[in-house]
Amino acid sequence: MADGDGAAASRNLTEHSASAAEKGLPRRGKSSSGRTLNTAQIPLVASHPEVYEPCDDSFALVDALLSDKAQLLALQPRLCMEVGCGSGYVITSLAIMLRQLASGTQYLATDINKHAAETTQATLEAHGVHADVMVTDIVSGLEKRLAGMVDVVVINPPYVPTPEEEIGCKGIASSWAGGLNGRQVIDRILPAVREILSERGWLYMVTLEDNDPLDICHLMSEMGYASRIVLKRCTEEESLFVLKFWRDPHTATNASPKSPKSESWFSQLPFKSLWHKGS
């Protein structure tokens, strides 16, 4: 990038941060949060003016995963997925946490923003970990291939209450615009994730107090999932909750499709045909 382009990008980033603060949106920026060697390192996280950078909600989600690290290792997930990967900070941190599982775990990340997919790929490479990264809306086009196969899903969704017309905007706005009560995108994500979670699968999701986390838990209960609040964090601008969901054997649900046999399940997914770096 030329010096002039870099200065312009820096100005745009500063102007956007100020505008976001005025609207009560999440503040962008690589703030200090006491990260450890068990997570992605902020100086190595790639950035782009149209990609949401790690912030309080990102750190809350990673801290929740860290608090569950022993349980995640015991789960020995075969496939972990992040929906809405942004900068790649969360999926990279998860891969680092579970690195001791060696090659037994595969990682997948999706984002509707092409710049986010490219930024996530760069962040992964900078940390020496791998994930397949795809440009798609939530899990569009992957539902049948992933049905009942994903053991861990992590999501920092667009949860900010915004006018409905902002939903589906290109670029960085897609990372926060949640529509009425910040729920319009979340309410699309939940049934889609239900279809791809395995019988033993776990979902971790960030929500805002305005999203009515208790109602989200109730909706997931109707789908056959138990839930708990893994972490609650209050910032100057918002109250964040990281919710965890898992299948409740005491709740009647429709059975999920069975996963393919373990020796061939991942090889059947033509990920590289969907997106690759530089496409």
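Cβ coordinates come from backbone N, Cα and C, glycine included.
Within the model, the domain 'Methyltransferase small' (78-160) carries an average pLDDT of 95. As annotated by TrEMBL, domain 'Methyltransferase small' applies to 78-160.
The region 'Disordered' annotation in TrEMBL covers 1-36.
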>> Using DSSP, what is the helix/strand/coil residue split across the domain 'Methyltransferase small' (78-160)?
In response: 33 helix, 22 strand, 28 coil
